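What follows is one structure encoded as structure tokens, with my remarks underneath.
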């Protein structure tokens with residue numbers, strides 16, 4: 001590819017962890033590709049977008065930092081480079097298609113026989129406009145010298161096994177957007193309800209326990225694989241068992257395709273809906289005991305979890321057929337080669353797309369248990385991020401694990417196992433994501449969690465503290481820890497939030513509203529940084545307290561001032577430059593009282609923020625402004641969750657403002673807000689632990 005001199009102020013381009021310096025590589029033209037990276041000086045306005053479209057530019061994805069991936073058929077780049085608002089234009093280079101995390105594996109094996117002969121499962125993702133994936137699969141099969149019949153083609157990706165030595169040749173095809181290693185998912189194992197204040201009562205109402213809510217669980221399996229013949233904790237609580245990992249194994253009975261030899265899935269399900277039963281370790285039960293489950297078994301015959309592609313196909317059946325609006329995922333991936341954090345990839349994009357297209361579906365995902373492994377070679381004061389790739393999805397609720405008040409004594413040595421509820425489980429993966437977004441969103445107790453244990457014969461090999469019941473002597477409850485067991489706790493709490501919202505007349509609550517309520521109600525743990533806890537440990541009672549009044553629709557705001565004590569708002573779709581603002585009345589004065597406001601929206605899929613909304617709160621007297629995001633003094637461009645915490649709460653009205661700083665061409669962005677005035681969390685009472 002012939003080169004020309006780049007502009008003097010050209011900026012380096014980073015895509016998928018690969019960095020190109022234009023001063024060293026800057027294409028003369030685009031004769032060999034229809035895909036370019038356009039770098040702009042500032043956010044494009046509508047006139048500038050129209051100018052580019054008139055020059056045959058088709059916008060595909062915002063890559064962040066002013067870089068936009070575009071489709072562009074002409075070979076001549078001069079018309080684009082001549083525009084004053086365009087900083088630079090280069091081609092979408094083949095090296096971008098092989099992410100840095102995959103390059104580490106290539107570098108490790110290059111020069112070995114394995115590099116050319118050993119096949120690895122890979123996903124080939126095409127550019128958006130490519131519709132004939134069968135033709136692309138034919139080309140890929142020829143390049144890889146692969147059996148075409150063994151190549152799987154779905155609506156937006158191609159999966160095959162291919163030697164690493166063939167990847168550069170596959171990447172040279174202009175139809176290819178990116179190559180990703182197929183990673184085998186893993187389960188994220190390694191007295192919680194009262195810590196998060198569940199279940200709850202509201203002003204004399206009956207107890208809320210998730211009645212009428214259906215929760216989808218994606219895990220290893222369920223008990224003996226039967227809805228009727230099940231552990232007594234689940235009697236009448238399971239709607240459907242769906243085989244996924246063993247669905248095509250006709251040598252197994254129907255129940256053997258969904259049973260739970262590991263016991264992981266059964267434990268997760270018990271944390272959500274398990275009937276409260278008195279045991280030798282006290283009462284054990286789930287959070288949302290009146291909810292029901294639809295359980296998808298991901299475990300394959302070999303014991304591994306299946307890698308579902310596309311991932312959104314996993315969520316469609318529970319959502320469309322059984323009405324599951326809360327989805328609980330206690331699985332993820334490990335670290336990449338060389339203990340590298342995995343970036344946002346196809347799985348995260350699938351999650352974001354599913355939620356964007358189904359805005360009443362909230363997907364909860366475990367943050368991962370990679371923290372100790374990532375940092376065991378690092379100094380104690382240097383903690384590297386390790387959030388997994390699925391958990392990096394922008395539109396899911398990512399859950400880390402905190403401690404618990406439950407103490408467990410090892411019968412062998414008498415050692416008491418306990419972790420302060422205001423601490424984070426050592427294994428719980430830290431943020432931020434590889435894209436520098438805040439994750440996890442929240443944490444919940446995930447240490448020493450007792451729940452129902454699978455009755456499958458192979459599950460008996462699982463060691464750990466156990467509980468028995470005089471009423472049901474033939475079954476067990478066992479203890480597990482990790483983000484796997486924090487996530488179902490959150491899923492159950494969200495089901496209760498759904499029930500509360502429906503009791504207030506909000507029959508189909510948006511997932512973004514549920515996420516905002518959960519985050520705004522969370523307690524910020526003292527002496528724990530944001531990378532470990534996100535926005536804090538969930539507090540269901542605080543989240544529900546925001547709902548003393550039903551959510552307000554932005555278009556229906558008639559009063560010039562809303563109550564600051566607690567409320568929520570469902571915003572209308574905004575286009576670039578639009579804004580919504582309203583006033584909150586002064587909060588009652590009291591020491592230790594803070595005003596907290598959280599904005600959440602479901603962004604378009606893509607590793608960078610595609611539609612950027614910004615939250616700000618302004619003191620009506622002094623004019624002081626606090627911005628949502630990592631820094632209250634700067635506008636956030638990386639997160640679709642923003643929060644302002646003003647402590648002490650202002651004693652004058654404040655103006656809450658949401659501005660659409662940037663929207664992707666042709667799109668608009670809705671949002672939600674949740675706010676409250678309450679005492680800041682000072683830590684647990686150790687005398688009560």
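The count begins at 1 with the first shown residue.
From the backbone N, Cα and C atoms, a Cβ is placed for every residue, glycine too.
Annotations in TrEMBL come from automatic prediction, not curation.
Listed features, source TrEMBL:
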{"type": "DOMAIN", "residues": "210-534", "note": "domain 'Peptidase S8/S53'"}
{"type": "ACT_SITE", "residues": "219", "note": "active site, charge relay system"}
{"type": "ACT_SITE", "residues": "264", "note": "active site, charge relay system"}
{"type": "ACT_SITE", "residues": "484", "note": "active site, charge relay system"}
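Structure coloured by features recorded in TrEMBL.
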residue : record                           : DSSP (3 states)
219     : active site, charge relay system : strand
264     : active site, charge relay system : helix
484     : active site, charge relay system : helix
Residue, out of the active-site residues 219, 264, 484, whose Cβ gathers the largest set of other Cβ atoms within 10 Å: 484
C-alpha spacing of residue 264 (active site, charge relay system) relative to residue 219 (active site, charge relay system), in angstrom: 7
Rounded inter-Cα distance in Å - residue 264 (active site, charge relay system), residue 484 (active site, charge relay system): 9
